[in-house]
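Colleague: To start, I am sharing the structure in question, which I have written as C-alpha cells.
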Amino acid sequence: MTDAHTAGPFIAAIDQGTTSSRCIVFDRDGRIVSVDQKEHEQIFPKPGWVEHNAAEIWTNVQEVVAGAVEKAGITRDDIKAIGITNQRETTLLWDKNTGEPVHNALVWQDTRTDALCKELGRNVGQDRFRRETGLPLASYFAGPKARWLLDNVEGLRERAEAGDILFGTMDTWVIWNLTGGVNGGKHVTDVTNASRTMLMNLHTMQWDDKIAESIGVPLAMLPEIRSSAEVYGEITGGKLGDLLGGIPVASALGDQQAALFGQTCFSEGEAKSTYGTGTFMLMNTGDKIINSYSGLLTTVGYQIGDQKPVYALEGSIAVTGSLVQWMRDQMGLIKSAAEIETLASSVEDNGGAYFVPAFSGLFAPYWRSDARGVIAGLTRYVTKAHIARAVLEATAWQTREITDAMTKDSGVELAALKVDGGMTSNNLLMQTLSDFLDAPVVRPMVAETTCLGAAYAAGLAVGFWTNTEDLRANWRRAAEWTPNMAAETRDREYKSWLKAVERTMGWIEDEE
C-alpha cells in the first residue's frame, strides 16, 4: 500500500535493463512508491556472444508492471502516464504479422559483429560514419547487429525487404507490445535510442539513407523516430490492457540518457556517471554537436516534445559492476557483491596490483576490441584483498580517463560528478573516485535515476510536471565525497594504471 503522505496521482516507469526488467511507481516529488523487478536469462552461445530472449523479456515486463501497480495499491485512474527506459543498442528483429522474434536479441555487449565492423571500415577506418552519427564503427551499436541477423537468418533479408520484419531496440519492442502488438502496435523509437543505431544522422535527427544502405539495413524495417517525451500511444490489449488500458505511453530514453535526465543535468557542462553492469558517463553539451577527438561518443542527450534536441558527450566502460559479479561467481573470492567493500577496506592500498577488466575489449577512450583482461604488478605480497581493491580502483581509473577526455573535447573542467547506479552504495569506491578525479562526487536521494528520468519525461509529456525547473526542485543530495589524496600519489598511481592498460592491447590477433 502507498504511504499516507504519497497521495496520487502517480507516474510509472519501466526499465528494461541488461539483467532484469523492473517497474517503479513515482509520486509528484519524484519519490519511489513501489518497485517490482524480475531477472531474465543471459544466453552465451559462444565466447563473446550474448543474447536475450525477447519473448521472455516482454512476459517479465508485463509481470513487473502489474506487480508494481499492485504493490502500490493503486488503479489505472491513479496513473497519469508510463515511461520507458531501456538497455541501449540491444537489437531485435521480429515478424510484424505474428509478433514473434526471428532470433534472440543481440545484446549490446555481444561482439560477433567485429569482423563486419572491420569490413565496413576497410578503406576509411573506424570513423567512417562518425561525422553523421557521432559513433565509431564498433560491435557495440545496433546497425551492424541488424545486418548480421539479415545475413545469418535464412530468408530474413527477403522478408525484411517485403516489409514483413520490424527492427527495434528494446524501447521499440516494449512500446510496440504495450500499444497493441500485432493489433496496431506503434512502431516507434526515440531520438536517444535512434542515436545508438549508427543509422541516424545527428544533424537531421532522421535515418540516414546512405548509411543504412552502406551498412545493408533496409529502411522499410526501421521505426519512426520521435522525441523522448511525447505520447506515442496508449496501453492496449493483452494482460496489461485489462489492468491499465488507456494509460498514455509517453516517454522513451536509452538508460544512460534517462539517468542524465533523472539527475536533472539540464545545463551545458553538467555530467553524471552511472555505475551498473558497465559504467557510462554523459556530459550535457547543450545544442552543440561536439565531435570527439578523444575516443568519446557524440550522442543525443534528450529531446522534450518539439523543443530542440540536447546533445551529450559519452564515455562508456564495458566492465565495472560485472567485474564484481565475476569475482563472486567465477572466482569465488567473495560471496556477495557487497562483501567486496569489506574485503578491499581491510588493506590500505592495492599492494602494487592493477586490474584492467578488458573482458570484451576496451571501450572509451580506446575502442580496442583486440584487448583482453590483465592483472599487472603481481608479487607474492598481493592478497585477495589487494585484488578486491584493484577491482574497485579499475572502475575509478576508467572514469578518470573519461573525464580527462571530456575536458579535452569540450574545454569544460569537471566541477563535480553526480553518480547513480547500484555500485554507488559502495562508499570506498565513491571515496576512491573522488580521490582519483580530484573533484567532489555527489549521490542523490533517489539512486534509481534511470527510471526516474523516464518518469520525469513521461510526466512532462502529459503535463504532470510543468517544466524542467519543477524537476530540478525535486533533486536532493544524499551523500557527497571530497578528494583526500596527495597529488603526487594520484599522478604516480595513474601512470601505473596507464601502463597496465597498455599491457591489455593486441592480445587477440586479427583473424584474417
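Placement of Cβ uses the backbone N, Cα and C atoms for every residue, glycine included.
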Colleague: Report the candidate from Y140, Y293, Y302, Y311 that shares the glycerol site with R88, E89, D255, Q256, as recorded in Swiss-Prot.
Modeller: Y140
Colleague: Can you match one of T277, T379, T466, T468 to the ATP site that Swiss-Prot gives for T18, T19, S20, G321, Q325, G422?
Modeller: T277
Colleague: So among R88, Y140, T277, all listed as binding-site residues, which is physically nearest to T19 (ATP binding site)? Use the C-alpha atoms.
Modeller: T277
Colleague: If you count other CB atoms within 10 A of each CB, which of T277, Q325 wins among these binding-site residues?
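Modeller: Of the binding-site residues T277, Q325, the highest Cβ count within 10 Å belongs to T277.
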Colleague: In the same chain, outside R88, E89, Y140, D255, Q256, whose C-beta lies within 8 angstroms of the Cβ mean position for the glycerol site?
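Modeller: So the extra residues in range turn out to be Q87, T90, W108, R196, G254, F280, S316.
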Colleague: Other than T18, R88, E89, Y140, D255, which residues of the same chain sit close to sn-glycerol 3-phosphate? List them in sequence order, counting a residue when its Cβ is within 8 Å of the Cβ centroid of the site.
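Modeller: Near the sn-glycerol 3-phosphate site, the remaining chain residues are N86, Q87, T90, V107, W108, R196, G254, Q256.
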Colleague: I want to check the contact list for G422 (ADP binding site): same chain, sequence separation of six or more, C-beta distance under 8 angstroms. What comes out?
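Modeller: Looking at Cβ-Cβ distances below 8 Å from G422 (ADP binding site), excluding near sequence neighbours, one finds Y275, G276, G321, A337, A447.
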Colleague: Using a 10 angstroms cut-off on Cβ to Cβ distances, just flag whichever of S20, N426 is the loneliest among these binding-site residues.
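Modeller: Minimum Cβ neighbour count within 10 Å, taken over the binding-site residues S20, N426, occurs at S20.
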Colleague: Among the binding-site residues R22, R88, which residue has its Cβ surrounded by the fewest other Cβ atoms within 10 Å?
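Modeller: With the binding-site residues R22, R88, fewest surrounding Cβ atoms within 10 Å: R22.
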Colleague: Just to be sure I understand the packing, how many Cβ atoms besides its own are within 10 Å of the Cβ of Q256 (glycerol binding site)?
Modeller: 30
